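See below for the structure under consideration.
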Amino acid sequence: MTQLAIGEATPHGATYDGHGVNFTLFSAHAERVELCVFDSRGNERRYDLPGRRGDVWHGYLAGARPGLRYGYRVHGPWQPAQGHRFNPAKLLLDPYARRVEGELKDHPLLHGGHDEPDYRDNAAVAPKSVVISDHYDWEDDAAPRTPWGKTVIYEAHVKGLTYLHPELPQEIRGTYKALGHPVMVAYFKQLGITALELLPVAQFASEPRLQRMGLTNYWGYNPMAMFALHPAWASSPETALDEFRDAVKALHRAGIEVILDIVLNHSAELDLDGPTFSLRGIDNRSYYWIRDDGDYHNWTGCGNTLNLSHPDVVEYACECLRYWVETCHVDGFRFDLASVMGRTPTFRQDAPLFAAIKACPVLSTVKLIAEPWDIGEGGYQVGNFPPPFAEWNDHFRDAARRFWLPRNLTTGEFACRFAASSDVFKRNGRAPGASVNLLTAHDGFTLRDCVCFNQKHNEANGEENRDGTNSNYSDNHGKEGLGGPLDLMERRRDSIHALLATLLLSQGTPMLLAGDEHGHSQHGNNNAYCQDNALTWLDWQQANRGLTTFTAALIRLRQQIPALTGNSWWEEGDGNVRWLNKNAQPLSADEWQNGPKLMQILLSDRFLIAINATLEVTDIVLPEGEWRAVPPFAGEDNPVITAVWQGPAHGLCVFQRG
């Protein structure tokens, strides 16, 4: 290899052109940048990056090839009070690295220093960036582009979804390959979901605290390398990218979209006591929100917060998103703690990152879903994200649980949430699909645990049950824990059925947590982020097949109802919806606010949802005409009903006219 040529300032990262590699690194406050390359024995050779255009340092290494391991040492001031923490003793990952070798260990050499710099060299233990050459045959792949009105999202963990699946080859269980295997594709099609939303697949690390406890970060919300696939779920690190793309291609052929959960709000460098392995050492002041005392604004609860209003960090975030769309053909993103994306530092709908995404022809046309909060002041922003974002609707989640798992909730509040929370989302030209309705998600109780536990049971997490929310709106139906007498089990079943029907027959975009259609339980753990074990892995052999069939039938029913698939707001008299009482009369003002939980919802003038959320069997008079129960509510004997449905306690039934 020769000394570096000046090279080019773009594209960002390490780019192989067939003759060598061009390297670039953004740092506005650095005084010198060294490229460090490593041979197969770990010997290091350093080169100064000779070029600088604006704040991008660059150089070209002729003869360098894919597989080259590299990192950076960045020189500059150590001025913690001003937010500068340069320390050339620390080898740093390329923020644009497409592959990373090594894990982020809990090791003292990875600490950059607190008040004073730690000058011990960390190259022997630091993870290293790896140059790749990217060639992939997408064949005739095409994005499904499912309309929002027909979208049904299935949230799943790559490993947990398939690790225990007995029909998959042993060697691919819990991997990217399994996602596109015919067994899984057939299951997704049978269930009826249209989009697979994956918990983070970008390479992540386990926090030092978890490593000391013998636990791991299972969910993946501790990002280490935003452009690199997490290698643990691949046959080898070298094949991870192609195996993931193979899965995307197989899912697309079946008409199933792939949405990635992505973490742009913080990094695995954590607080000032965390490891220094990338952004902190490259340009701490630019990449993170820094307080006046030089410490971090911790609006994420993870120790640091990315400054997504800084122009170069906005560019970094957008390039990351474009990479996943253009290189991996993903169909959208769910943004973790997405209020951080709009901080300037206060939340603004016209924040720089939002404006950049909206202006991008690649990003503005994929599905964008916000988790519309963070833990900072003014962080709760449900309903306030600009188009084209959809948002997780926690109003729906809480209202559905409070309605069916006895709590105080008016019929009016329930109806509002059933109608895509128009009071929250009907603004700025947004459609009902902007409300992503959910009962459960990866964080919180599973659906089965919602009907089996009144209290969280997170002792296995090692925090003496202090972690996880206490606001679960759950009901154990008289006994804490799984199991119980037959009548209790039947009441729990009825509650699950009612909740699933509410989710899948409401206006908006439904999201189903993987395993809820099986009856999966985490035994009351509502924060299983560090449980990479049978607590979180779906047990397919113990799956409740009847519940799976029930769920699939609900999804099929949903796709038959124009009022739900049209993705337009319901207006009085438009034929989409009528709200009726138990006597088939329009609900009175008093019934909206003070009446019992008895109602009928007539959709598209031919589908009737009869609801009895009281604790008593109640007769419900159906509207004039002939009605027949439809699957999954129809039994073998399915007579026409012309007058009264005897609604069981906590019961719900759907009828079709004629």
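Using N, Cα and C of the backbone, Cβ positions are placed for all residues, glycine too.
Secondary structure at ASP336 (active site, nucleophile), taken from DSSP and collapsed to helix, strand or coil, is coil. The annotation active site, nucleophile is assigned in Swiss-Prot to ASP336.
For GLU371, the entry in Swiss-Prot reads active site, proton donor, with the evidence type sequence analysis. Its Cβ taken as reference, GLU371 (active site, proton donor) is surrounded by 21 other Cβ atoms within 10 Å in the chains shown.
Among the features that Swiss-Prot reports, site 'Transition state stabilizer' is placed at ASP443. Here the Cβ of ASP443 (site 'Transition state stabilizer') has 14 other Cβ atoms within 10 Å, regardless of which shown protein chain they belong to. In the three-state DSSP reading, ASP443 (site 'Transition state stabilizer') counts as coil.
Annotation source Swiss-Prot lists region 'Disordered' at 459-484.
The Cβ of ASP336 (active site, nucleophile) lies under 8 Å from the Cβ of PRO200, TYR221, ASP261, ILE262, VAL263, LEU264, ASN265, GLU371, each on the same chain and at least six residues away in sequence.
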